Amino acid sequence: MSSDQEMAIFGEAAPYLRKSEKERIEAQNKPFDAKTSVFVADPKESFVKATVQSREGGKVTAKTEAGATVTVKEDQCFPMNPPKYDKIEDMAMMTHLHEPAVLYNLKERYAAWMIYTYSGLFCVTVNPYKWLPVYNAEVVTAYRGKKRQEAPPHIFSISDNAYQFMLTDRENQSILITGESGAGKTVNTKRVIQYFATIAVTGEKKKEEPTSGKMQGTLEDQIISANPLLEAFGNAKTVRNDNSSRFGKFIRIHFGTTGKLASADIETYLLEKSRVTFQLKAERSYHIFYQIMSNKKPDLIEMLLITTNPYDYAFVSQGEITVPSIDDQEELMATDSAIEILGFTSDERVSIYKLTGAVMHYGNLKFKQKQREEQAEPDGTEVADKAAYLQGLNSADLLKALCYPRVKVGNEFVTKGQTVEQVYNAVGALAKAVYDKMFLWMVARINQQLDTKQPRQYFIGVLDIAGFEIFDFNSLEQLCINFTNEKLQQFFNHHMFVLEQEEYKKEGIEWEFIDFGMDLAACIELIEKPMGIFSILEEECMFPKATDTSFKNKLYEQHLGKSNNFQKPKPVKGKPEAHFSLIHYAGTVDYNITGWLDKNKDPLNETVVGLYQKSSVKTLALLFSGPASADAEAGGKKGGKKKGSSFQTVSALFRENLNKLMTNLRSTHPHFVRCIIPNETKTPGAMEHELVLHQLRCNGVLEGIRICRKGFPSRILYADFKQRYKVLNASAIPEGQFIDSKKASEKLLGSIDIDHTQYKFGHTKVFFKAGLLGLLEEMRDDKLAQIITRTQARCRGFLARVEYQRMVERRESIFCIQYNVRAFMNVKHWPWMKLYFKIKPLLKSAETEKEMANMKEEFEKTKESLAKAEAKRKELEEKMVALMQEKNDLQLQVQAEADSLADAEERCDQLIKTKIQLEAKIKEATERAEDEEEINAELTAKKRKLEDECSELKKDIDDLELTLAKVEKEKHATENKVKNLTEEMAGLDETIAKLTKEKKALQEAHQQTLDDLQAEEDKVNTLTKAKTKLEQQVDDLEGSLEQEKKLRMDLERAKRKLEGDLKLAQESTMDIENDKQQLDEKLKKKEFEMSNLQSKIEDEQALAMQLQKKIKELQARIEELEEEIEAERASRAKAEKQRSDLSRELEEISERLEEAGGATSAQIEMNKKREAEFQKMRRDLEEATLQHEATAAALRKKHADSVAELGEQIDNLQRVKQKLEKEKSEMKMEIDDLASNMETVSKAKGNLEKMCRTLEDQLSELKSKEEEQQRLVNDLTGQRARLQTEAGEYSRQLDEKDSLVSQLSRGKQAFTQQIEELKRQLEEEIKAKSALAHALQSARHDCDLLREQYEEEQEAKAELQRAMSKANSEVAQWRTKYETDAIQRTEELEEAKKKLAQRLQDAEEHVEAVNAKCASLEKTKQRLQNEVEDLMIDVERTNAACAALDKKQRNFDKILSEWKHKYEETHAELEASQKESRSLSTELFKVKNAYEESLDQLETLKRENKNLQQEISDLTEQIAEGGKRIHELEKVKKQIEQEKSEIQAALEEAEASLEHEEGKILRIQLELNQVKSEIDRKIAEKDEEIDQLKRNHVRVVETMQTMLDAEIRSRNDAIRIKKKMEGDLNEMEIQLNHANRMAAEALRNYRNTQGILKDTQLHLDDALRGQEDLKEQLAMVERRANLLQAEIEELRATLEQTERSRKIAEQELLDASERVQLLHTQNTSLINTKKKLETDISQLQGEMEDIVQEAHNAEEKAKKAITDAAMMAEELKKEQDTSAHLERMKKNLEQTVKDLQHRLDEAEQLALKGGKKQIQKLEARVRDLEGEVESEQKRNVEAVKGLRKHERRVKELTYQTEEDRKNILRLQDLVDKLQSKVKAYKRQAEEAEEQSNVNLSKFRKIQHELEEAEERADIAESQVNKLRVKSREVHTKIISEE
């Protein structure tokens, strides 16, 4: 636990993350009795805290905190943890681990708003339902780089750990955020993305691209902005969540090698399309609709031609229209800015809004039924005009396509009429399709924008998918979502419980396998395995006559009673019908299968789709352009369709994407975050125990903690452990001898003072218990700190000793000087000493004069030699200038060539990538070829059968040929007859279709009765079985128990055997996987090393050889395909002959059908009569409704009159009040009488229903007779349908073969072109590579020559050093310059060669890219052809669906006619009663009005919670308003008592009025709901205002934080500059010390020689003045020589080092390439074996299924529903309190923002002032030190001048001049050689440039040829399409002629 000071870095988030120091101390000092403090089970709260009173006989008596005394069993009593574990951050550290401890820890942390808690290896988060300040920028920086144990639990800590694992382990990571709907997954996903975008920023702005519009932000901005856009179009309000994700997404964030953001992409899964057109009452549609209508941007309202009222649009107003927690106006601005940041163009932005508005208008399209027809027609065109305008269509064409779509029948298109229901269904399907495709297109555009093409190495994936859902109405979408969650939970269980324990076994650790009972395979297999739910659904979709009922029956047959997870639900009143139930891990869900077949097939109106494709809105045309665009649109759904499938259903596509997701997750290292819902009412701070416990059990939280505590969650390889932790005890591992890593790790751990039971040694790794690795890290940090402090102490001691030695030397030298000075001062005034000073110079004056003369002569000679040397030097300088100019020119050329070589290297990398892609494509092609071969084999078998049949038919053909001449003469006459017959056939087909529909309706009714009968029989059988079982149960229990024991023993034996086999298989697989992992690690290391290498020429040669081999293989494959094409052509000709024979057979069958049609004419007449009667009844019904409306209008008028009269008579109300009170009791009695009369009416109604049932039985008998009559017709239609399907199948096969032939021919042409181009490219590449290899060899040869010359020059330099001895060494300076120039030129030429090679490679890659583009165009053609075939099948299915809908419509019409008949009977009775009681009807109507007005007052009474007495008093007050009518009412009462018959009539009227009153009550309830929603809306507006303020403050704080970050960066730069200046200062001080040492040495030498030179110096002063200038020049030359000598040494070292590194790199490159190839082959074989073993393991695991826990009790839900009303009031109060609190927080935040701004300004000023002053001080200090250095150098020069005044110096100078002449001649020769080499290099560079020009011309030529090839391909494609059309026309003509 960290202190409060350490938590200060988290700012205001600290109290929400960790307990304070004070709380921790209080918890430790809190009194606690471990024996008596317990949790006990409680029926209401699940568990409560209690104190044990006594323990007796296995039972415990305890007293709860509430004061109640309870007695429970021992197993229901759980010990409490000590107080120091309260609010513990990692629940795995608790002493007592059980459900109540985990529950109360989460509850106490949640009460303190600590929403994140570690649970072993993963994190648990509880939804706070409010905003918490734990996601600020300062929190992000605080978590950056922190270990898990160093910081409190947080989603940022999980994210940072994943980021650090990715960098250290070099492995892809994934973060799985799971939980039920409304648990907070989406919010946590956004926080993870925010964290990565903050810590891994690139800081680079994207370049502006012409295709995608202006760029508005960096990559991290775009990643963050993708969320608001996707949420606007993909999130909606549900019952459990205001911002529920209605689609799944997997966000991959890619990072470069340095850990910076490189790119990102998003994969989406299963958008809930049905929400576009339908919402439940408590839900609403997607946010974007309501954002647009929020009127934040009025220009959008005008552009989309819409209003701001959502209730004006049917598609978006079926549920709620506002959400309290969402500000639609603010969200609209966020969505709009996200569109701009993500680079959408203005046209794309407008088209997005237009298509969204068009979807809203689609919901308002109205259609009506034509009079006396079933055909639909538009009911007004205003809405259609708006929708068509927004979609760029013609409204007339749109309406025509909807009402009269064109359907393909055979080879012709037919216009088909649609009913109103069919048109509405088509409109809904189109709206959903437009919205879905637009959403997928937006995801694809976002991915395109986020793909920066930067190099990327690893990624972190974040999964946010819709949570587990249990609604009242659960459909196909909920099944897919729940299945996904089931798979993810299974992945979690497998990763946490199975793989973990398998690794222990594999590593040889002693471990007993623990079965946690968390296997979900049974439910998963029930859904996805063969003959599972999805399989049966897809099978039913393939049958055109399949219905929801047949689908349900198949499910029951296959799974009911056979699978424990599949059940038949019990009907519940008030809830929608459910057809089957599945027991999921999170509970039992009831599913309704209505419309699943249509949802799965997802049919569309093809005529409207054709209009969309021609739309003027480019985006809409792109969305529906075909499969090529659809594939591109499909967001994260990479890859096309599976081969061989004509179309793909929604469930198949969903499963394919889910399998891809699971594959991605298995290839990563997962990190789990479990989101928990605390309560169902979205109340902040409240936690429902049972709900949380259920989620903890389902999610495996307790099991995860247990395996974390029992197991070894941390592990590390032995070599890594030895390398990292060797520092803890280096003496444990002996130096100088090799020791195995495992043994070294064992010795190291054995020598450390830790608990040795906390770790285990495996075969390859050492395993640690939880927390031990953190302890080792702390020990390592402490040890490193000790070592560093010791090193620093030793360095400081050494420096102190050196300084002390210097001080001692200075002291001795000072003493020496003082002694000599004192001695001289004592003797200088002696007379003899003065005489000595005078005589001493005179003694040697003569000698000195001679010496001076000689020296003058020598001086003149040296002057002449110096002048000559100067002249030569000038000549050499001129030559050097010329050479420098040439060198600069060469450098420019070499630089250009280096650039080209760099380009060539990049192309080489791209070639490797394209090679891998080509290999993958070749594999796909081979697989397709194998499939085609299988299909070909099947076709050949069919062909042989057909040939046999043809041989039989040929005999008949011979006979027919004889009669053919006669038939041709009668052809013209028969053609007319045939036309008439075809028309009659069409009519008969329609009648047959109608009859079949009626028959199906009858069959369904019959089936329903059979089902009911079967259900009743099942109930009887179950009752009898239960009875017999209960009777036999007592007798059989003992026997069954013994049998169960035996069976259990047998099962345990079999289980042990299977476990042994499983373990063996698992061990073998784990060994293989371990080897694979090691190989992968080695491979990754080698790849990382290879990425840093520069030269890849040898790899290119190997690639070229492999490509040649592949080309040869492809050529052979093409030849085989050509042979197959020829065989297919021959089979096609035979098949055409067979098709003509079949068409003749069809004609014969049609003639038979015509004969059979006569038998059904009587039935047709009966049907016509029934239809006429039906139309008559419908007209009567319409007339009755008109009469009803007229009477209602008259009654309304009377009501208005009575209201006016009552208004005038208000004054009389007071007088008649007493009378009304008397009549109150009388009216109560009347009401009782009316109730009794109602009971009699209900009995009469029951009798009528019995009569209806008898009539229905008679009708069923008639239907059975009709079925017998139609059986013959059905047989004939079945034969005809079979023959038609066979003919269609043959025609489809022929079309497929045609397309296959054309495709193969195009593929052949493309391959031949590619082969020729690749041959040319290979030849050019081989030539270029040979030239480059030759150039490389010559360069190496030149390097060898230079190395030899360099060695010779070293010897010469040594001679010069010995000879010169600090003389004039300018010649050496020239020599070193020439050497460095030569080395630089060789390096520059090598770089130029590399650039040329890179340029060549770029050209080749471009050619390959163009070839790939051609191949992709061919693929798109093929996909288009497949899509056309799919669309044809979809059309047939839509026709079948339309027929089914027609059948349903007719059944409904029949039911309506029956009810109409009943209505007419009751209407006749009503008219009879009205005649008898017309005199009383007006009075009763007034009474009814008074009663209705009393019900109107009911709303206010309910709000005020008044009782029944108040309601009755209000009723009497309303009746009192009748005024003058009271006396008439008394008369009415008397007449009612007298006339009993009239009372019965009045009772019927009263029944109708009561029904009306019930409607009024419903309206009142609706109004109450509206008031409630209005209150919620106001609360939401307040919340939105508060959220807005919060967001504003957060933005301000974020801006302040960014400014602070910038200031921190500037301060860091200043510190870096300061450090650099300090380094320079240290160097200057070192130079100063060196100069001081030189000065001290000079002084010592000076003292030694001073005594000798005293006599001669006086005489030589005058003579040497002329030589001082020359000596100063010599000193300068010596300094230059020393500097040049140092440079030579450095250059020599660098040259040798680079040469060695180059050779090593080349050798490593060769080794790595060979290893890569070897590892690749091994890896492929290992993958294949792994797949086989995985399938075996999955089969073995399938035999060990466990029972899934049961779901929540329904009683708890009922209790929660009862308490909802009370909770609403409490929520209102809490929200008011929170709003006041947030208002105060707002003011505090504003004040803090101002303070922060003020502090920031002060910090900026201080930083600027402090930085400038410090820099100025450092610069002044540097200048002072430079001055000191210069002064010391001057002193040193003066000292050298004194030392060099000796006679031998002149002789040495003469000797040196002679040696210089020789060296100059030698250097002259060297210069000539270097010039010749430079010329040779120039020639090579010119040749390389010519070669690059030739390659560029070839590239342009190839590019031109490629463009011509593309044009030819387009022309050929158009010709093929024309020929196809012609062939179809010819085919139709042939059929019509036959």
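The backbone N, Cα and C atoms fix where each Cβ goes, glycine too.
Feature annotation (Swiss-Prot): of 760-774, 1330-1344, 1405-1419, the stretch labelled region 'Actin-binding' is 760-774. Among the residue ranges 595-617, 1124-1146, 1377-1399, 1768-1790, the one that Swiss-Prot annotates as region 'Disordered' is 1124-1146. The most densely surrounded of the modified residues Thr64, Thr419, judged by C-beta neighbours within 10 angstroms, is Thr419. Closest in space to Lys130 (N6,N6,N6-trimethyllysine), of the modified residues given as Thr69, Tyr424, Ser1573, is Ser1573, taking the CA atom of each residue. Ranked by CA distance from Tyr424 (phosphotyrosine), the modified residues Thr64, Thr69, Ser1573 have Ser1573 at the top as the closest.
Here the Cα atom of Thr419 (phosphothreonine) is found 69 Å from that of Thr64 (phosphothreonine). Sequence-distant contacts of Ser1573 (phosphoserine), defined by Cβ-Cβ distance under 8 angstroms and a gap of at least six in the same chain, are Glu320, Thr322. This prediction places the mean pLDDT of the domain 'Myosin motor' (86-781) at 85. Taking DSSP states H, G and I as helix and E and B as strand, the domain 'Myosin N-terminal SH3-like' (33-82) has 3 helix, 31 strand, 16 coil.
Ranking the modified residues Thr69, Lys130 by how many Cβ atoms sit within 10 Å of each one's Cβ puts Lys130 at the top. Secondary structure at Lys130 (N6,N6,N6-trimethyllysine), taken from DSSP and collapsed to helix, strand or coil, is coil.
A 10 Å cutoff on Cβ-Cβ distances gives Tyr424 (phosphotyrosine) a total of 18 other Cβ atoms nearby, all chains included. According to DSSP, Tyr424 (phosphotyrosine) sits within a helical segment. Following the DSSP three-state reduction, the secondary structure of Thr419 (phosphothreonine) is coil.
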